[in-house]
Amino acid sequence: MVAMKGVIPHTTPLFMAGMRLVPAGILVLIVAAMSGRSQPKTIKAWLWIGLFALLDGAMFQGFLAAGLTKTGAGLGSVIIDSQPLAVALMSSWLFGEIIGLWGGIGLGIGIIGISLIGLPQEWFQSLWETQSITFNFTDQNLLNSGELWMLFASLSMAAGTVSIRYVSRHCDAVVATGWHMIIGGIPLFLASILWESQQWINIDLQGWLAISYATIFGSAIAYGIFFYLAAKGNLTSLSSLTFLTPVFALSFGNLLLGEVLTGLQWGGVSLTLVSIYLINQRENIGEQLQNLASLNG
């Protein structure tokens, strides 16, 4: 994400989003073919891949690209990686994955943390000073907020993560991942052709290297491994590992891009990281407390 943020001033959001998807999807399909993985064979499989492409491809990358133009890479990464909160709720409802007491506490803390990060700072200042919040939707501040677009991206990614369970019932998860990036990236390129101009004219060698890095490591490798594991493992625990990303994104955003977070946002980051620990370790925490109680008893 830091690499993408560095290229944004020299290109356009939709073009960059398409570049993260289509070339990466081709790379994933090449690896899948070399490893002997079978291609989708039924209409139902392609329909599920199409939905997967819409959610995690076009919508996620489109919202992400739009949000990056108005928010920092570090802050944006934290909001994006809040998607385990939505995944946990969806997985509990659809697949019966147990959240538990500590997982529920973690979700609550995470929601507070994400609110501190993503909601307008003026709301909290007003709440502190007047014990009330005044909502004003006429000035388009909320719709112009990069954080809001990042939240949409996070929810789209969460829905896409959950959908891989259904996709993998009809075709190979790695192959589906490759196709969903290609199918999801094509509308982004078409939209770029219609509504954007000078997409690559101002990109220098360093910019193309950054795009290549984001495509290979941030999309092809990361997506392939993540969705391969998501098709088989516990979605709540797996998706929670994405909370490790903001730690690196915030660090590189500060070192390379000079981004600075407010004290309130840092508090939100801290709460978010605590929440992911509680979600990921919810079963172990419960067992350890039970063992401690039995020893004391």
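Using the three backbone atoms N, Cα and C, a Cβ is placed for every residue, glycine included.
Annotated domain 'EamA' per TrEMBL: 2-118 (among others), in sequence order. Residue counts for the domain 'EamA' (2-118) under DSSP (helix as H, G, I; strand as E, B; rest coil) come to 97 helix, 0 strand, 20 coil.
Sequence annotations record features per position, and here TrEMBL assigns transmembrane segment to 12-33 (among others). Among residues of the same chain six or more beyond the transmembrane segment (12-33), those with a C-beta under 8 A of the stretch's C-beta atoms are 4, 57, 61-62, 64-66, 68-69, 172, 174-175, 177-186, 188-189, 191-192, 195-200, 211, 214-216, 218-220, 223-224.
Within its own chain, the transmembrane segment (45-66) has Cβ neighbours under 8 Å at 4, 13-14, 16-18, 20-21, 76, 80, 146, 149-150, 152-153, 156-157, 159-161, 163-164, 166-167, 170-171, 176, 179-185, 187-188, 191, counting only residues six or more beyond its boundaries. Residues or ranges marked as transmembrane segment in TrEMBL: 45-66 (among others).
Annotation comment: TrEMBL describes 98-119 (among others) as transmembrane segment.
As a summary of secondary structure, the domain 'EamA' (145-280) carries 112 helix, 0 strand, 24 coil according to DSSP. Residues annotated as domain 'EamA' in TrEMBL: 145-280 (among others).
As annotated by TrEMBL, transmembrane segment applies to 148-167 (among others).
For the transmembrane segment (174-195), same-chain residues at least 6 beyond its ends with a Cβ under 8 Å from one of its own Cβ atoms are 12, 14-15, 17-18, 20-22, 24-29, 31-32, 35, 37-40, 45, 48-50, 52-54, 56-58, 60-62, 65, 160, 164, 167-168, 219, 223-224, 227-228. Positions annotated as transmembrane segment by TrEMBL: 174-195 (among others).
Positions annotated as transmembrane segment by TrEMBL: 207-231 (among others). Among residues of the same chain six or more beyond the transmembrane segment (207-231), those with a C-beta under 8 A of the stretch's C-beta atoms are 1, 3-4, 6-7, 10-11, 16, 19-21, 23-25, 27-28, 31, 161, 164-165, 167-168, 173-174, 176-178, 181, 238-239.
The transmembrane segment annotation in TrEMBL covers 238-257 (among others).
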